Ligand code: KIV
């Protein structure tokens, strides 16, 4: 993927991957040892996600994670992968007004992030505009937004009925107009992912959103089949570690190559509107 491995990965590289239809794999990362291994195996985009509340801290949701904690993990990930494109999550309630969003984004950028990610729809447009005009690169996140767990009730596929389908599509378009440079699509049906990816000119990264995105991201614990005790294991994940005979490096490389070749996600890893009913992560109605 990289012509010169000594160069930093930039937003321009990611745009070129999209333009060339070259699918890319991304992973969540929380520390230096794993980010170093991910980079060495060719993972150039990493997310310091607020999923760390569940995967690292063992909590039942992401809502208690703070900007300070994301900054702490961003510093570690940056040490392990000095040249990767790092996206750091602005956690729950850390962007409830414009000034607070700017202040917390600057904490994450100073910690080593290239880009900050915010969960939510078109209500975020003024925030995205403000951050972008102040030179902060912003990633959107629509579909299943785990920071809204206390409103939505469970980690459930979104956009299956026509009104939420239309809302998510319109959110994606408004966020792009406001200045986001990448959009994460989480747990939405294939049909919606396809329509969003066709309508937008920015790169999209999917998780449980089918094969039509430019990139795919998974939570690192899920590609290794690590049971974090509390979090649910979504049915769209694949245990690349067991497929690689327990070799971590091979598992990362297999994940990357499977995304690149279109072997992951397969159609049985996707949600489809045709299934008629709304399923949760485990595939239950
Ligand atoms: O926090 C996180 O890890 C995320 C991914 C699931 C996309 O937002």
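Just so you know, glycine gets a Cβ as well, placed from its N, Cα and C.
Under the three-state DSSP scheme, residue 186 (active site, proton acceptor) falls in the strand class. The active site, proton acceptor feature in TrEMBL is assigned to 186.
Every protein chain considered, the tally of other Cβ atoms within 10 Å of the Cβ of residue 50 (3-methyl-2-oxobutanoate binding site) stands at 28. Residues annotated as 3-methyl-2-oxobutanoate binding site in TrEMBL: 50, 51, 89, 117.
The Mg(2+) binding site annotation in TrEMBL covers 50, 89, 119. Counted within 10 Å of its Cβ, the other Cβ atoms near residue 119 (Mg(2+) binding site) come to 23, all protein chains included.
Other C-beta atoms found within 10 angstroms of the C-beta of residue 186 (active site, proton acceptor) number 21, with every protein chain shown included. Taking a C-beta cut-off of under 8 Å and a sequence gap of six or more, residue 51 (3-methyl-2-oxobutanoate binding site) has these contacts in its own chain: 28, 62, 146, 219. Considering only the binding-site residues 89, 117, the Cβ with the fewest other Cβ atoms within 10 Å is that of 117. Distance noted between the C-alpha atoms of residue 89 (3-methyl-2-oxobutanoate binding site) and residue 119 (Mg(2+) binding site) is 8 Å.
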